[in-house]
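See below for the structure under consideration.
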Amino acid sequence: MPDFSMSNLAVAFSITLAAGLFTVLGSGLVMFSKTPNPRVLSFGLAFAGGAMVYVSLTEIFSKSSEAFAEIYDKDHAFAAATMAFLAGMGGIALIDRLVPNPHETLDAQDPSFQESKRRHIARVGMMAAFAITAHNFPEGLATFFATLENPAVGMPLALAIAIHNIPEGISIAAPVYFATRSRKKTVWACLLSGLAEPLGAALGYLVLQPFLSPAVFGSVFGVIAGVMVFLALDELLPAAKRYSDGHETVYGLTTGMAVIAVSLVLFHF
């Protein structure tokens with residue numbers, strides 16, 4: 001397996017950090033902006049979902065199979081990659097079951113939300129931050145390892161996760177800001193949650209680095225592919241559909257796939 005230089009590690013970590021910091025952008029939309037156009041939001045979420053699905057199934061899963069092929073024959077390598085992919089989906093589904101993502105439960109326009117006591121709203125914000133932070137750890141690990149092995153794969157994935165992090169920031173910022181009216185506390189809540197991604201990357205690398213091998217890389221990339229596909233299908237696409245009854249979701253989905261497909265072709269040249 002490749003021996004990564006400090007510059008490789010720095011680039012991968014920086015891209016992971018940048019993707020995580022997009023959570024803070026969500027706080028800015030809550031504090032300073034008007035309500036975003038639902039159709040634009042729908043398109044953007046679907047775009048991110050399409051990008052994540054495409055890059056996961058065409059590039060990241062292939063990297064898993066290629067890594068396993070260094071120790072198994074082609075058929076067994078594909079089977080091992082498939083098992084890792086399914087394990088990734090199962091693992092993130094379990095996390096989602098134990099710590100549900102609060103996207104669907106937070107709506108600043110809901111009357112019951114507006115009328116709740118500030119202490120209760122603050123507690124909702126803390127729960128949202130905790131839940132999203134738990135989901136951010138595997139996302140950070142995915143971005144870091146994908147970029148570390150091949151920036152042509154990692155950068156499109158980081159872009160998709162960055163877009164995905166904006167509504168997550170809104171989910172945290174809305175209850176915190178309405179409860180405290182403090183921009184500082186709101187930004188800090190989003191920042192701490194976003195930093196879970198580079199933290200997940202750093203911890204994951206420190207734990208796995210002594211054991212890096214074709215089997216480990218194959219397992220990591222297979223799990224990453226499964227996690228990303230699950231997140232796209234479970235969070236991004238349903239959220240995109242909720243914001244629009246038109247064709248914005250399918251347009252965003254196909255555009256995201258097309259843009260990532262073209263970018264990957266260009267990277268290969």
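Glycine is treated like the rest: Cβ placed from N, Cα and C.
Secondary structure at ASN136 (Fe(2+) binding site), taken from DSSP and collapsed to helix, strand or coil, is helix. The Fe(2+) binding site annotation in Swiss-Prot covers ASN136, GLU139, ASN165, GLU168, GLU197 and is backed by sequence analysis.
Classification of HIS164 (Zn(2+) binding site) by DSSP places it within a helix. The Zn(2+) binding site feature in Swiss-Prot is assigned to GLU139, HIS164, GLU168; the stated evidence is sequence analysis.
Same-chain residues lying 6+ beyond the ends of the transmembrane segment (12-32) with a Cβ under 8 Å from its Cβ atoms: 108, 132, 136, 139-140, 143-145, 147-148, 151, 154-155, 158-159, 161-163, 165-174, 177, 183, 186-187, 189-191, 193-198, 201-202. According to Swiss-Prot, the feature transmembrane segment maps to 12-32 (among others), an assignment based on sequence analysis.
The transmembrane segment annotation in Swiss-Prot covers 41-61 (among others).
What Swiss-Prot lists as transmembrane segment is 75-95 (among others), and the listing cites sequence analysis.
According to Swiss-Prot, the transmembrane segment annotation covers 126-146 (among others), on the basis of sequence analysis.
Summarising the annotation, Swiss-Prot assigns transmembrane segment to 152-172 (among others) and lists sequence analysis as the type of evidence. Same-chain neighbours of the transmembrane segment (152-172): 12, 15-16, 18-20, 22-27, 29-30, 41, 44-45, 47-49, 51-52, 55-56, 59-60, 63, 102-103, 106, 125, 128-129, 132, 135-136, 139, 142-146, 189-190, 193-194, 197, 228, 231, 235-236, 239, 256, 260, 263-264, 267-268, counting only residues six or more beyond its ends whose CB sits under 8 Å from a CB of the stretch.
Residues or ranges marked as transmembrane segment in Swiss-Prot (evidence: sequence analysis): 187-207 (among others).
If you look up Swiss-Prot, you'll see 211-231 (among others) marked as transmembrane segment.
Outside the transmembrane segment (249-269) by six or more residues, the chain places 42-55, 58-59, 151-153, 156, 160, 237, 240-241 with a CB less than 8 A from a CB of the stretch. What Swiss-Prot lists as transmembrane segment is 249-269 (among others).
When the stretches 75-95, 187-207, 211-231 are ranked by Cβ pairs under 8 Å to the transmembrane segment (41-61), first place goes to 211-231. In sequence order, ALA19, ILE161, HIS164, GLU197, GLY200, VAL227, LEU231 constitute the residues six or more apart from GLU139 (Fe(2+) binding site) in its chain with CB-CB distances below 8 Å.
All protein chains considered, the CB of GLU197 (Fe(2+) binding site) has 32 other CB atoms within 10 Å. Remark: ASN136 (Fe(2+) binding site) has GLY20, THR23, ASN165, GLU168, SER193, GLY194, ALA196, GLU197, GLY200 as non-local neighbours, by Cβ distance under 8 Å and separation of at least 6 in sequence.
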